[in-house]
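Chemist: Let me give you the structure first, and then I'll get to my questions.
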Amino acid sequence: MKPTLCFLFILVSLFPLIVPGNAQCSFESLVDQRIKEALSRQEPKTISCTSVTSSGRLASCPAGMVVTGCACGYGCGSWDIRNGNTCHCQCSVMDWASARCCRMA
């Protein structure tokens, strides 16, 4: 056998040991394992929502809840959320305001 061919044969047979493919796979499996462990420790969360309607321009959510949407009387579509828990209808004449309030349970 020629020396070049012999060297090539040795190099090809050692190639799987040189390539760090196993190191990458073990790192990925370690990361996957850690993610699965973290997810298994979490408790499932549910969302709990309710609507609050009041007369006037303001509708406030109960303690611990945040506004996720507002509705206003007289077809008013102009509103904003104040302090994260109160709907404020911005039209000049307003008979009612409603807030959709939610929390994670």
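Positions of Cβ are set from backbone N, Cα and C atoms, glycine also.
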Chemist: Identify which of C61, C70, C72 is listed by Swiss-Prot as the disulfide partner of C87.
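Modeler: So the cysteine that Swiss-Prot bonds to C87 would be C70.
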Chemist: Which candidate, C6, C25, C49, does Swiss-Prot give as the disulfide partner of C102?
Modeler: C49
Chemist: From the disulfide entries in Swiss-Prot, identify which of C25, C61, C72 pairs with C101.
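Modeler: It is C61, per the disulfide annotation in Swiss-Prot.
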Chemist: If we check Cα distances from C101 (disulfide bond), which of the disulfide-bonded residues C72, C76, C87, C89 wins as closest?
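Modeler: Going through C72, C76, C87, C89 one by one, the Cα closest to that of C101 (disulfide bond) is C87.
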Chemist: Test of understanding: give the count of other CB atoms lying within 10 angstroms of the CB of C70 (disulfide bond).
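Modeler: Around the Cβ of C70 (disulfide bond), 20 other Cβ atoms lie within 10 Å.
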Chemist: Of C49, C61, C102, which disulfide-bonded residues come within 10 Å of C89 (disulfide bond), going by C-alpha to C-alpha distance?
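Modeler: Near C89 (disulfide bond), where near means Cα within 10 Å, there are no disulfide-bonded residues at all.
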Chemist: Among the disulfide-bonded residues C70, C72, C76, C87, C91, report those whose Cα falls within 10 Å of that of C61 (disulfide bond); none is a fine answer.
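Modeler: Cα filter at 10 Å returns C87.
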